[in-house]
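Let me begin by presenting the structure, written as structure tokens, before commenting on it.
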Amino acid sequence: MSEIIYVLGAGGHAKVLISTLLDVGIVPDGVLDEDEKKHGKKILDVSIIGDFSLLKKQKNIKAIVAIGDNIIRSKIAQKYDVFVNWLNVIHSNAYVHRSVKIGRGSVIMAGAVIQPDVKIGEHVIINTSASVDHDCIIKDHVHVAPGVHLAGGVEIGEGAFLGIASSAVPYVTIGDWSIIGAGAVVTSNIPSKKMAVGVPAKIKKEL
């Protein structure tokens, strides 16, 4: 039986993810989304064919979650984990050193640079033109937005979101489910479930 390849989610992030799949020669069999109003439409010529219930009705499925929101992406990944073999996708225009370890369901977009001995968890997004330097640890369900720059040895906790063009100096830690605002510069550790903004990044509120 041949493999079935699905993209889960039909929002804007799906466009970039599908373009990345097509770039490496993977043509999805369809997009799944819970919004019935989207069914029958197309994203980059790939049809939106139904909702996530199809994952329980078919076998030999490979999929990747195309949702930028970390909480939603993590819930979908956990709910359907037993039904799906999760795809990793790396754009041909990304640089990923051979020593890098990448968990299931993660995507590395065009222009990203991942340096030696980085560890990337499951269902992580390394978005367009982000850079992750040596020995960083990026845990599950993290979203590293376009243009983010992480110096060596940075640790990013589960579910954290790093806003566009933010950065972190060497060996700082950003806690689980924290949010770093666009353009912020992290110069000291940020605890879990905090929002930090500014240069240098300061905690703005609890999450």
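Positions of Cβ are set from backbone N, Cα and C atoms, glycine also.
Just so you know, TrEMBL annotations are computer predictions that nobody has curated.
Residue counts for the domain 'PglD N-terminal' (5-79) under DSSP (helix as H, G, I; strand as E, B; rest coil) come to 29 helix, 19 strand, 27 coil. What TrEMBL lists as domain 'PglD N-terminal' is 5-79.
Per TrEMBL, substrate binding site is recorded for Gly68. Cβ environment of Gly68 (substrate binding site): Gly11, Gly12, His13, Ile125, His143 lie under 8 Å away, each six or more residues apart in the same chain.
Annotation comment: TrEMBL describes His134 as active site, proton acceptor. Mapped onto three states, the DSSP output places His134 (active site, proton acceptor) in coil.
Positions annotated as site 'Increases basicity of active site His' by TrEMBL: Asp135. The number of other Cβ atoms within 10 Å of the Cβ belonging to Asp135 (site 'Increases basicity of active site His'), over all protein chains shown, comes to 17.
Here TrEMBL flags His143, Ile164 as acetyl-CoA binding site. In the three-state DSSP scheme, His143 (acetyl-CoA binding site) is classed as strand.
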* What is the pLDDT of the domain 'PglD N-terminal' (5-79) when averaged and given as a whole number? -> 97
* Structure fact -> Counting other C-beta atoms within 10 angstroms, the emptiest spot among the recorded positions His134, His143 is His134
* Asked: To the nearest whole angstrom, what is the C-alpha distance linking Asp135 (site 'Increases basicity of active site His') and Ile164 (acetyl-CoA binding site)?
  -> 22
* Roughly how many Å separate the Cα of Ile164 (acetyl-CoA binding site) from that of His134 (active site, proton acceptor), to the nearest whole number? -> 20
